[in-house]
Amino acid sequence: MPSNKSVSDAPIVQFSNCRILRDHRLQREDLWVREGKILNPEKLFFDEKGSADVQLDCKDSIIAPGFIDVQINGGFGVDFSLATDDFKSGIDLVSQKILSHGVTSFCPTLVTSPPSVYHQVLPQINVRNGGAHGAGILGAHLEGPFISKEKKGAHPEHCLRTFEAGAFQDLLATYGSLDCVQIVTLAPEMRRSSEVIQELTKRGICVSLGHSVANLSQAEEAVQHGATFITHLFNAMLPFHHRDPGIVGLLTSDKIPAGRRVFYGMISDGIHTNPAALRIAHRAHPKGLVLVTDAIAGMGLAPGRHTLGQQVVEIDGLNTYIAGTKTLSGSVATMDTCVRHFQEATGCSVETALEAASLHPAQLLGIEHKKGTLNYDSDADFLMLNDSLYVQATYIAGEEVWRQDVSGM
């Protein structure tokens with residue numbers, strides 16, 4: 001069948017002998033890609049009379065959307081909360097290294113820091129597309145400093161701030177700029193938080209509730225004002241109580257505005273959340289679960305001492321603590337590990353596990369029309385995985401950016 005070059009001269013690649021995650025189920029069909037987008041083969045055949053220029057045998061792999069990590073503090077020796085002269089090369093290194101773990105887009109995350117750190121670091125974080133150079137950057141996630149002293153976790157107390165004086169103006173002065181900011185985590189019980197949430201939401205910034213002692217009604221009020229996410233559910237918040245379930249109660253609240261969905265992050269590393277708690281959350285609100293790594297600079301490195309912003313942390317096996325304490329401080333889990341642990345712990349389907357790391361974070365950020373799915377016309381960011389959900393190859397905009405060394409398979 002001749003190609004109709006009047007539509008586009010770009011080559012058409014056909015990925016065959018695969019199972020594609022589409023419409024919430026694995027379907028045995030081919031994937032067609034051109035110019036970084038996923039093609040509708042019917043339009044190609046019948047409207048363009050076109051055919052593939054290149055055919056690739058996927059050897060019965062699963063093809064799933066690329067993973068999106070909306071909470072990652074660093075990795076491979078790089079700490080996003082440290083203002084260094086070579087910050088840009090650090091973020092480039094992380095974006096390159098996480099390709100092997102299936103991450104095609106991410107939100108570099110800064111923990112509570114002094115204003116000077118935000119002023120130096122944020123101008124160096126630029127939203128950009130992914131490619132052979134590394135995963136795409138969707139914008140920064142600022143976790144703090146407007147959080148609760150009681151639930152600060154690994155965040156340095158001397159850097160915590162409130163909205164007492166100028167509310168949103170205080171936030172602007174602290175961060176310096178919101179140009180590249182995608183998510184802000186704050187404690188909704190803080191005075192004047194409602195006006196801050198409304199102002200951030202108006203600017204298209206996702207507001208997440210976390211590091212908080214909020215009760216359920218305070219959390220519900222925050223959602224009514226525009227908050228849509230919960231930062232690492234169960235961690236750094238009041239424990240579930242049957243008379244006032246706190247932020248956790250948002251998963252089954254009847255006060256969520258019609259047509260809105262609350263999403264919640266979970267660190268599925270086998271450390272931060274007991275498998276039973278993971279199962280409870282998933283069964284209560286499966287469509288809101290977003291897998292996050294909360295990875296720190298020590299991810300991908302040997303155990304020992306590393307940093308998380310202003311704090312020194314120690315890695316002991318899979319545990320990461322503030323040095324000299326038993327306070328958990330981020331994780332060293334990779335996203336593919338979190339996906340496999342989630343599936344194993346909950347007994348959910350392969351499709352559900354994969355969507356928790358792709359479709360759900362894309363929906364949270366409102367980018368599901370181009371990321372997180374393999375629908376026609378969406379970005380061709382996808383993974384090839386085996387049946388055990390180990391990543392075999394990573395593609396961004398239809399180009400292979402990482403492949404498992406055959407000798408290591």
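Any Cβ shown, glycine's included, is placed from N, Cα and C.
Keep in mind that this is a model prediction, so the values were computed, not measured.
Here TrEMBL flags Asp294 as active site, proton donor/acceptor. According to TrEMBL, the feature Zn(2+) binding site maps to Glu143, His211, His232. If you look up TrEMBL, you'll see Ala154, Asn235, Ala236, Arg243, His272, Leu328, Ser329, Gly330 marked as substrate binding site. Annotated domain 'Amidohydrolase-related' per TrEMBL: 62-401, in sequence order.
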| task | Return the member of Ala154, Asn235, Ala236, Ser329 nearest to His211 (Zn(2+) binding site) in space, with distance defined Cα to Cα and candidates limited to these binding-site residues. | result | Ala236
| note | Students should find that the Cα atoms of Arg243 (substrate binding site) and the residue listed as 'active site, proton donor/acceptor' sit apart, in Å rounded to an integer, by 30
| Tell me, how many other CB atoms lie within 10 A of the CB of His211 (Zn(2+) binding site), whichever protein chain they belong to? | 29
| field | Candidates Asn235, Ser329: member of the binding-site residues with the richest Cβ shell (10 Å) | value | Ser329
| query | Taking each of the binding-site residues His232, Arg243, His272 in turn and counting other Cβ atoms within 10 Å of its Cβ, which one has the fewest? | reply | Arg243
| query | From the centroid of the CB atoms of Glu143, His211, His232, the recorded Zn(2+) site, which same-chain residues not already listed sit within 8 A by their CB, in sequence order? | reply | Gln71, Gly144, Ile147, Gly153, His155, Thr185, Ser208, Gly210, Thr231, Asn235, Ala236
| query | Listed substrate-binding residues Ala154, Asn235, Ala236, Arg243, His272, Leu328, Ser329, Gly330 - what's their greatest C-alpha to C-alpha distance in Å? | reply | 30
